[in-house]
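What follows is a single structure, written as structure tokens, with notes after it.
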């Protein structure tokens, strides 16, 4: 080697970014790629906030889900204000909303509500309100936001046709609808991964049996299935039992697509060298499938999971909206939208569509997160 070549070789220093990339694990590479997807990152934070609301919905909601105020039915949303200059006391600082003034149409006898700046309703944070048990265990009576006087009307999203606070109903409905989607997808993925792995790994008559079962389930039309379910479930069935039945049936018809995808992956992986080495090492079939083969495409499974949740949420919402799913007194986004399906009600109370906007926002957030995870898990991008 000449002196010039030696000096040139000695002067070459590796790029620190390249070193980090070559030394990083697969999960770290996926996280770095995911952070570059701005919409996916913002959506992930939005969904994290939704999970906090689900866990603390009794604390976040101003009122209990059974709270009704018959004096204010279909009352419009109130604007939360930080200071007041129109009140009888002049300028006054503090959270508050304007009260209501009601008028009745002499022809239709319909009562309408208008904001009344002279009737100030003081609003506070961490105020005392209706008692509840946080996580079903801890007795509490503090709410994140609410009226200083529990008897005052404070309805930031307005009220329903039954006089229920729409914001409180929306918080509780988020827990129900999102949990149906998440729990249903988890059950479906458990079935899909296990049956797909067994089918692709063993092949033969096991593979044929599982594939025929998948084809049988996929051949059942959805609409007659749900019509039959609605007719079979007794009207007096409690909301908890109906909730678990709806979640289970959604899971039982949603696992087939993932099972076929996992089967294809296992068919391609079962002849790889690392699988042969695990067999020669004496590993059990279960260990080879779930300890060696499944982790090799776990990122793809996670991305598919996040993309499946919106479909499950939309299915529950549509079924409840059509009266074939959850029913009152259960609270879900679909149950809330039942009033919005009546034009006579919606024309005078457009705020009843707020749960629909919430459905769209959450579904888009899950789709953005799923797209970000799918792109980040693509091995050809790293």
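Every residue, even glycine, has its Cβ placed from backbone N, Cα and C.
Annotations in TrEMBL come from automatic prediction, not curation.
Copied over from TrEMBL, here are the features:
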- 174-370: domain 'ABC transmembrane type-1' (DOMAIN)
- 39-61: transmembrane segment (TRANSMEM)
- 176-201: transmembrane segment (TRANSMEM)
- 213-234: transmembrane segment (TRANSMEM)
- 240-258: transmembrane segment (TRANSMEM)
- 297-323: transmembrane segment (TRANSMEM)
- 343-366: transmembrane segment (TRANSMEM)
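In terms of C-beta pairs under 8 Å, the stretch of 176-201, 213-234, 240-258, 297-323, 343-366 lying closest in packing to the transmembrane segment (39-61) is 343-366. Remark: the transmembrane segment (240-258) makes no contact with the transmembrane segment (343-366), by the rule of 3 or more CB pairs under 8 A. A Cβ distance under 8 Å defines the sequence-distant neighbours of the transmembrane segment (176-201), meaning residues of its chain 6+ beyond its ends; these are 50, 54, 207, 210-211, 213, 243, 246-248, 250-252, 254-267, 270, 285, 288-290, 293-294, 301, 305, 308-310, 312-313, 316-317, 326, 330-334, 359, 362.
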